[in-house]
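Listed features, source TrEMBL:
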type	residues	note
ACT_SITE	Asp373	active site, 4-aspartylphosphate intermediate
BINDING	Asp373, Lys374, Thr375, Glu473, Arg494, Thr574, Gly575, Asp576, Arg681, Lys687, Asn711, Asp712	ATP binding site
BINDING	Asp373, Thr375, Asp708, Asp712	Mg(2+) binding site
DOMAIN	36-90	domain 'P-type ATPase N-terminal'
DOMAIN	124-232	domain 'P-type ATPase A'
DOMAIN	734-987	domain 'P-type ATPase C-terminal'
TRANSMEM	66-81	transmembrane segment
TRANSMEM	183-200	transmembrane segment
TRANSMEM	256-277	transmembrane segment
TRANSMEM	308-327	transmembrane segment
TRANSMEM	750-771	transmembrane segment
TRANSMEM	798-818	transmembrane segment
TRANSMEM	848-870	transmembrane segment
TRANSMEM	882-905	transmembrane segment
TRANSMEM	917-941	transmembrane segment
TRANSMEM	947-972	transmembrane segment
Amino acid sequence: MLRWIRQQLGFDPPHQSETRTVYVANRFPQHGHYIPQRFADNRIISSKYTIWNFVPKNLFEQFRRIANFYFLIIFLVQLMIDTPTSPVTSGLPLFFVITVTAIKQGYEDWLRHKADNEVNGAPVFVVRSGSLVQTRSKNIRVGDIVRVAKDETFPADLVLLSSDRADGTCHITTASLDGETNLKVGVFTLICIYVVYFYVRPLGPENLLLRGARLKNTKEIFGVAVYTGMESKMALNYKCKSQKRSAVEKSMNTFLLIYLGILLSEAVLSTILKYAWQAEDKWDEPFYNQKTDQERNSSPILKFISDFLAFLVLYNFIIPISLYVTVEMQKFLGSFFIGWDLDLYHEESDQKAQVNTSDLNEELGQVEYVFTDKTGTLTENEMQFRECSISGTKYREVNGKLVPEGMTDDSPDGSTPHLVGEELLFLKAVSLCHTVQISYDQPDCLVGGGDPFSHVNGFSSNHMEYYASSPDEKALVEAAKRYSSIRSFPKGLRTLVVACRHFSPEEYIDVDRRLNAARTALQQREERLQEAFSYIERDLQLLGATGVEDKLQDKVQETIEALRLAGIKVWVLTGDKHETAVSVSLSCGHFHRTMNILELLQQRSDNECAEQLRRLSCTLYCISSALIVCLLNVLSFRIKEDHVIQHGLVVDGASLSLALREHEKLFMEVCKNCSAVLCCRMAPLQKAKVVRLLKTSPEKPITLAIGDGANDVSMIQEAHVGIGIMGKEGRQAVRNSDYAIARFKFLAKLLLVHGHFYYIRIATLVQYFFYKNVCFITPQFLYQFFCLFSQQTLYDSVYLTLYNICFTSLPILVYSLFEQLVHPHVLQSKPGLYRDISKNAMLSFRTFLYWTLLGFCHAFVFFFGSYILMGEDTTLMGNGQMFGNWTFGTLVFTVMVITVTLKLALETHFWTWMNHFVTWGSIAFYFIFSLFYGGIIWPFLHTQDMYFVFVQLLSSGSAWFAIIIIVITCLFPDVVKKVFYRHLHPTSTQKSCSDVLQASLFKLKQEKLIK
């Protein structure tokens, strides 16, 4: 029972065992001499909450936030002691914030549950009691025999038992796991055919069918489930989900701590001044406020603590509780703009951008490092044969024929030219030595008919479809059938050398014996196979070489260049070999031809790796020192960025493991001095380690990982922001990502435009909230000097409750949804503007200090301006009645609401009808509500302090004069500052906007002149 409760609450990790015994079809031994093992069920869980743990887990996460926990304490204090304000003033906003946040997070997690249920509820066929039974994927258990039909996905990690193919094999594609669309061959184990007791046959990777892979070119197979659910290899590559928090939220928590310090200081100071003031008897117990016997006899310490807590409650609104709920609503509503952006819509696949986690919207504007997979992310993973070399001669296509480069085709009849021995042997090798299979899906497709390249020439006739264990092989066979290449392609290609060796019958028998012995070895199988291959692959006759292009996705090079100009470093993490990875990096612009490429490859020991790292570090230091000397010699010459020597680093997985073991600091020093880094031969968890390495470095840069396969999931989950590419097959990366896009090229707009907008909006929202709450509470503190620190509140309790919820909440929310400091086209055309907001520039301590001091200044003007203009020597009405406490407080509150609303209007650059509606509507709503609230006697209120107060205030001409003068006094310096800085010290963003405006005006003038 306890184990079940822990599982439901999400605290019991999945069972993992080093070894396991699997009984096929769950037929256990009769004698019972075995130890039963408990395995995980076949459910895949990417969600964070369950119906059982949602309330406690969500409350725990929410009360980790400083503001929420603080207001909970304040609410409890208000319940326990006598305080100047009602517990409702803290309890109602707290309940509203917790409820809205829980609904938003619950909805997002429900979407994850929905995606999981689609996978877990998929229909599958299993063998039960000798017959096929249909069930759901989540009901599969270890030991069940599962039937998988063609084009279906394997629901668990299976060991192949049988196949409908004559040779007992099956073909699978792992596109959803690693992005590779090529076919792989699965082999069954002979023990399923020859049943011999106690016969042991080793199993290898070729016998295992991984969950998420898809069956191809095979009608059906049967396999036994050996690893299920969260114990499958696909799930084990996942990183445990953790709560990602953005840099903005961390800054918010820091600012809240500072404001908490201000609050405690004000409360302590007020308490001390109260007792200092009451040191005289006439102020300690005036005639109108006689103490009770209990108050006279109470402990001084308890009384001091009680007064301190009362002041704490009185000033508690300096901590903006509604900040978090406004931020949550802004993130949730703002995330829809990504999905609605037509520029992020891929028409060919009918896929739009998808937001899985809206908590990280502003983090898109702070990215410093991008880690990207190669296959399926940067490339289309569609191999095309481009050119070949036979006996040292390069061949190209002329009129569909294989012609040596530099020659023209003189045979107009379209006949195939005569092939010499080397050419014929080369094409035989290419055509025969492969694993390509023909798909027989189309019944009218004949083996000898059809042109595999007919679609190139614009025809749509039926043609044979090929499948291969390597996409390179598929491209070569298609090209060899036509005896031509498409065209010469000067960029980096995937190359393959073609060679042959002639065997006598006796040599073949010896080779076959060696291979069979190596394949059936129980120990050191890989080493023995390597020895057999080394024996075979010697004394080879070189026939030629081929060049195959792994086609890049559209606009990959432009996207990487835009990211580089934005100050973002791009790291490519791939499982491909060194040569292929470098070739693609050069093709996509990740590496430049003029870049100094450094290598950390094939390091076999710690000492060797350390020595190579020192050499690389010395090389970088020497080049940097020389560059500094040159700069000092030519200070008057501005060197362009293209003229600066850039470095690229290539490292393989084995060397990386050695470098991270004991030389992590030295490795990081080398990497940070390189403009681009390429990691090849990487395992999935190695990708996550690299991301974690940068993420936890002393500089704490913001990282982004992007990939399309299940092997990228751990990297995507490790990074601050994870983006999944919607590939051709599989949704593992998309389901476990924070955002999903259809193509890599969409990353540029996602970061440079949406990231820029989200960050400036949320940064201004945070600073504005602190500003308006300083304006709100500082007059409350100043008022205590005039009421002998008797804890009398300046504002009515209803105003205290509604200030952040109603009167000032909508304008900043709408601002944070629609504000555009710069036009989107400008942000895309000038990626350098992204640097202006990097490193959390708009939430720096300097900016925070400016908004805080501005709030204090405005609060002083509110209070003392009202006191001077409508003070005790000024009559309110013609009948001689004076200003009262509630009238004075209402005047201060009215000036404050108008000023903070108009201050936000001054900060707005992009006005919509909704901005106008909420800005002027909020001010109008405040006046209408105050008239309504003060014009009626409310029977459920204990006092009617505000009755007719607002009507009296508005009927006074001097009050209107005071409101206008104070508002102008507060906002006029802001107007002057903005005009001064815009014309004399404009920012790069303002300069860009000015340039665009001037260009538009010039274009309009030219059009008028033409007309």
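Cβ from N, Cα, C; glycine included.
Automatic prediction, not curation, is the source of TrEMBL annotations.
TrEMBL feature annotations superimposed on the structure.
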| residue | record | Cβ neighbours (10 Å) |
| --- | --- | --- |
| Asp373 | active site, 4-aspartylphosphate intermediate | 28 |
| Thr375 | ATP binding site | 28 |
| Gly575 | ATP binding site | 22 |
| Arg681 | ATP binding site | 18 |
| Asp708 | Mg(2+) binding site | 33 |
| Asn711 | ATP binding site | 28 |
| Asp712 | Mg(2+) binding site | 34 |
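When averaged over the domain 'P-type ATPase C-terminal' (734-987), pLDDT in the model lands at 87.
If you measure from the Cα atom of Arg681 (ATP binding site) to that of the residue listed as 'active site, 4-aspartylphosphate intermediate', you get 12 Å. Taking the C-alpha positions, the distance from Asn711 (ATP binding site) to Asp373 (active site, 4-aspartylphosphate intermediate) comes to 9 Å.
DSSP assigns Asp712 (Mg(2+) binding site) to a helical segment in the three-state reduction. Asp708 (Mg(2+) binding site) sits 13 Å from Gly575 (ATP binding site), taking the C-alpha atoms as the reference points.
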